[in-house]
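Down below is the structure, laid out as structure tokens.
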Amino acid sequence: MKRIKFPKRYLIVFLTFISTCVCYIERVGFSIAYTVAADAAGVNQSSKGTILSTFYYGYACSQVPGGWAAQKIGGRRILLLSFVLWSLTCAFVPLDPNRVVTLVVARLLVGVAQGFIFPSIHTVLAEWVPPHERSRSVSLTTSGMYLGAAAGMLLLPSLVKFRGPQSVFVAEAALGAMWSLLWIKYASDPPRPEHPKATAASFGESLLPMKRSQKVKVENGGSSVKTAGIPWKSIIFCLPVWAIVANNFTFHYALYVLMNWLPTYFEQGLQLSLHDMGSSKMLPYLNMFIFSNIGGVMADHLITRKILSVTATRKFLNTIGFLVASFALVALPLFRTAGGAVFCSSVALGFLALGRAGFAVNHMDIAPKYAGIVMGVSNTAGTLAGIVGVDLTGQLLEAAKTNYSDLSTPESWKQVFLIPGLLCTFSSIVFLLFSTGEKIFD
């Protein structure tokens, strides 16, 4: 029997999926381990918010440089460099809440290193994945974030309880090292366009509409390659890019607030133990994993079957996802039981993940050649959301603790979840008005 050949691009997508999974195990792991260590040391909520948000300062600084480096040096190499740097930092830094300077520097370094990851991934996927597979490929890759967060929420509280907070850093460093070895062994750059077996991003390109002014004449079956520099001015002043930026900011504001403060909400807002909650605490992130992939499959189905245009598909899924998430976020503090809070947060995060089939794939719709650059620009906004949201939440909770004596009342958490709820509504309107599925930059 003829041997069935497994396309290399599928392996690349799977490895990028594992990479995002490992990264979010690290992020959730730090919030869990640091929360336990900080509470034991008597650190207040405002100070906790400052430390938890430090990561995002470093993360913000490296987004655009990460996109530029991936464009110039190659996404494959930059992605590997990122993993090596943050894994080494986790391996050698002690988790001691009283050593504030050490923790701040370490989280900045981890943030800078991980800031290169998503621009690199988008550059790799834009090179390897044809347009008619992009929605589900990007959705699968990014769903690794949520599976990683779910795995972290399920397993790491027990690891902290039995082996101590420092054990989380050791486990994260080991995972990063193992992924790096897999990437070295199996990843490669895509075939050159002139190669007869090339399956890079030009394959299936006709499924994406392109504005008339952007079309390039191709003669004798060849393909023209532009060598012009990165069109920074056009990118910065492009309204569809800003539509992506607005939704990236909102998505990450909601995600990072929940990721960093949901453990505190369960333990102090609802008086529950994360360890005693068992597997239920991972459901919000598991729901994100499921809905992210549902959104990707739906988007590719709607586009390839020509049920909706690329533009209409992106707007439809983005709007549904963000509006449902908005209602769930606003309602979250009204649920006072573990089941109710898990259900509401699962709906919010699940539909936010569904919305990623709208804005998060749109980078490659409008600028496949500069996907890493546009991703870097928009993810900088998403990172700023982490800085603002995580730190602001700490200040809101510290003020609420002063007004209500503790954090066990719904009023203490109302503003925390109202802000991302309103942002979801606003950004969905922006995306409806200004986004497009047409290729703008070539």
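The backbone N, Cα and C atoms fix where each Cβ goes, glycine too.
For reference, TrEMBL has these:
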type: DOMAIN; residues: 12-439; note: domain 'Major facilitator superfamily (MFS) profile'
type: TRANSMEM; residues: 78-95; note: transmembrane segment
type: TRANSMEM; residues: 101-126; note: transmembrane segment
type: TRANSMEM; residues: 138-160; note: transmembrane segment
type: TRANSMEM; residues: 235-262; note: transmembrane segment
type: TRANSMEM; residues: 282-304; note: transmembrane segment
type: TRANSMEM; residues: 316-334; note: transmembrane segment
type: TRANSMEM; residues: 340-361; note: transmembrane segment
type: TRANSMEM; residues: 373-397; note: transmembrane segment
type: TRANSMEM; residues: 417-434; note: transmembrane segment
_Using Cβ distances below 8 Å and needing 3 or more such pairs, separated by at least 6 in sequence, tell me whether the transmembrane segment (340-361) contacts the transmembrane segment (78-95)._
no
_Beyond the flanks of the transmembrane segment (316-334) by at least 6 residues, Cβ under 8 Å_ = 247, 250, 254, 269, 291, 295, 298-299, 302, 308, 341, 344-345, 347-349, 351-359, 410-411, 413-414, 416-418, 420-422, 424-425, 427-428, 431-432, 435
*Candidate ranges 78-95, 101-126, 138-160, 235-262, 282-304 - greatest C-beta contact count to the transmembrane segment (417-434) (under 8 angstroms)*: 235-262
*the domain 'Major facilitator superfamily (MFS) profile' (12-439) [mean pLDDT, rounded to integer]*: 84
_Checking distant contacts: for the transmembrane segment (138-160), what same-chain residues at least six beyond its ends satisfy Cβ-Cβ under 8 A?_
13, 16-25, 27-29, 32-33, 36, 121-122, 125, 167-168, 171, 259, 274-275, 279, 281-289, 292-293, 295-297, 299, 349, 353, 356-357, 360-361, 364
*Tally Cβ pairs under 8 Å between the transmembrane segment (373-397) and each listed stretch (78-95, 101-126, 235-262, 282-304), then give the stretch with the top tally.*
235-262
